[in-house]
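Visitor: According to Swiss-Prot:
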type	residues	note
ACT_SITE	ASP216	active site, proton acceptor
BINDING	ILE102, GLY103, ARG104, GLY105, SER106, PHE107, SER108, ARG109, VAL110, LYS125	ATP binding site
COMPBIAS	46-62	compositional bias 'Polar residues'
COMPBIAS	384-396	compositional bias 'Low complexity'
COMPBIAS	405-414	compositional bias 'Basic and acidic residues'
DOMAIN	96-353	domain 'Protein kinase'
REGION	35-80	region 'Disordered'
REGION	376-422	region 'Disordered'
Amino acid sequence: MGCRTSKVLPEPPGDVQLDLVKKVEPHQTDVYKNFIKYDGGGEKTGSPSPQGQSQAVAKVSQSPPPANDQPEPADSHRKKVAKYRAKFDPRVTAKYDIKALIGRGSFSRVVRVEHRSTRQPYAIKMIETRYREGREVCESELCVLRRVRHTNIIQLMEVFETAERVYMVMELATGGELFDRIITRGSFTERDATRVLQMVLDGVKYLHTLGITHRDLKPENLLYYHPGADSKIMITDFGLASTRKKGDECLMKTTCGTPEYIAPEILVRKPYTNAVDMWALGVISYILLSGTMPFEDDNRMRLYRQILKGKYSFSGEPWPSVSNLAKDFIDRVLTVDPNERLSAGQALKHPWIVSMAASSSMKNLHRSISQNLLKRASSRCHSTKSSQSTRSSRSTKSSKARRLREKELRELNRRYQQQCNG
């Protein structure tokens, strides 16, 4: 959901170099430990980052204050905000005016800020690097974001470091998550779907060219830049990303991802390539056209077996109204064999994407898609098994529920090997 009062950052100029990203030497004293819980701005991060890391790209929603809290006096609120700002590293507050706490996690806080000179809004993500997992996430994100410059990938603007914390100044996305936008729209056609996928595929192709594999592509990590109808989509949250010199040729082994979006080759612990991102995009494409998941089961082992078989259906609404070309696109990315799966470059050349569904029906699929999305969201609200990354969650409880459990994967791999050996 968008923030009507937020300014919109201009598109980054093509000639801006990566020297925008600079390192500030560690400060000798570390100044703050506590944060106010609610700043009244009604904002939260667009998606979780690994191990509870709040993402630096903000999704803005109309969340009310905690139900049990009475509105506090204005003077008391101002004092609390002033005290909160005073705890920030002085080099940060000298340059940025802290406006609101918009996200939090086990090892991070995210605040909405304004540049004091330009008045441009940004998000600052603070990561506690004294913890091992915090350091790992920070290193992963910085390794990627310092290298990339693409219109469909969130941009890192500046970095401040202290002995125990890192502050990443990033673009602020105010347009909300991909599927939130679809639900609020009155219309959604196949052509609209191809516009979204073109932008995401452009970003993924760019990442893969640099040898970067995201490894956690999902709707929560695809944010709209601003609330306008012409907003671009941006890929965010690189806490699980892997960086290699040549992404297609280098094999990865780490078991990570979000269960419903994870590729079969990861589940059976085979060395894998950046083709895992394309599998996740296949899942996203399926949801984009139907509002439902191709693979879903509350029982994790049954879910994994579905993924390994790669069997899904095009039954139920609105699939009868979806073109065969769109279904062919999904079939070619949701291919169990990664060698047969379309690459990002090949996917961009698929007739359905190239023609922007020109030969498809322009029937409005919005009603069925939004109803299915809302139905799924409602059912997930009553379960702790929300779609969180293996190293991320909005709460400890949901994190444990959604983690790729080592015991389950060992059992799955044992059964898979038994089947292969006959």
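Numbering starts at 1 and runs along the chain as displayed.
Using N, Cα and C of the backbone, Cβ positions are placed for all residues, glycine too.
Keep in mind that this is a model prediction, so the values were computed, not measured.
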Visitor: For SER106 (ATP binding site), which DSSP three-state class applies?
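Guide: Reduced to three states, the DSSP call for SER106 (ATP binding site) is coil.
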Visitor: At a 10 Å cut-off from the C-beta of VAL110 (ATP binding site), count the other C-beta atoms across all protein chains.
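Guide: VAL110 (ATP binding site) is surrounded by 30 other Cβ atoms within 10 Å.
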Visitor: For the residue listed as 'active site, proton acceptor', what is the secondary structure by DSSP, using just helix, strand and coil?
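Guide: Its secondary structure by DSSP: coil.
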Visitor: Can you tell me how far the Cα of ILE102 (ATP binding site) sits from the Cα of the residue listed as 'active site, proton acceptor', in Å?
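Guide: So the Cα of the residue listed as 'active site, proton acceptor' lies 22 Å away from that of ILE102 (ATP binding site).
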Visitor: Can you tell me the CA-to-CA distance separating ASP216 (active site, proton acceptor) and SER106 (ATP binding site), as a whole number of Å?
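Guide: That comes out at 19 Å between the alpha carbons.
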Visitor: Mean pLDDT across the domain 'Protein kinase' (96-353), rounded to an integer, is what?
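Guide: The average pLDDT of the model in the domain 'Protein kinase' (96-353) works out to 92.
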Visitor: State which of the following binding-site residues has the fewest other Cβ atoms within 10 Å around its Cβ: SER106, SER108.
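Guide: Sparsest of the binding-site residues SER106, SER108 by Cβ contacts within 10 Å: SER106.
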Visitor: Across the record's ATP-binding residues ILE102, GLY103, ARG104, GLY105, SER106, PHE107, SER108, ARG109, VAL110, LYS125, the largest CA-CA distance in angstrom?
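Guide: Spelled out: the longest distance between any two Cα atoms in ILE102, GLY103, ARG104, GLY105, SER106, PHE107, SER108, ARG109, VAL110, LYS125 is 14 Å.
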Visitor: Enter the number of other CB atoms within 10 angstroms of the CB of ASP216 (active site, proton acceptor).
Guide: 29
Visitor: For each of the binding-site residues (ILE102, ARG104), count the other CB atoms lying within 10 A of its CB, then report the residue with the highest count.
Guide: ILE102
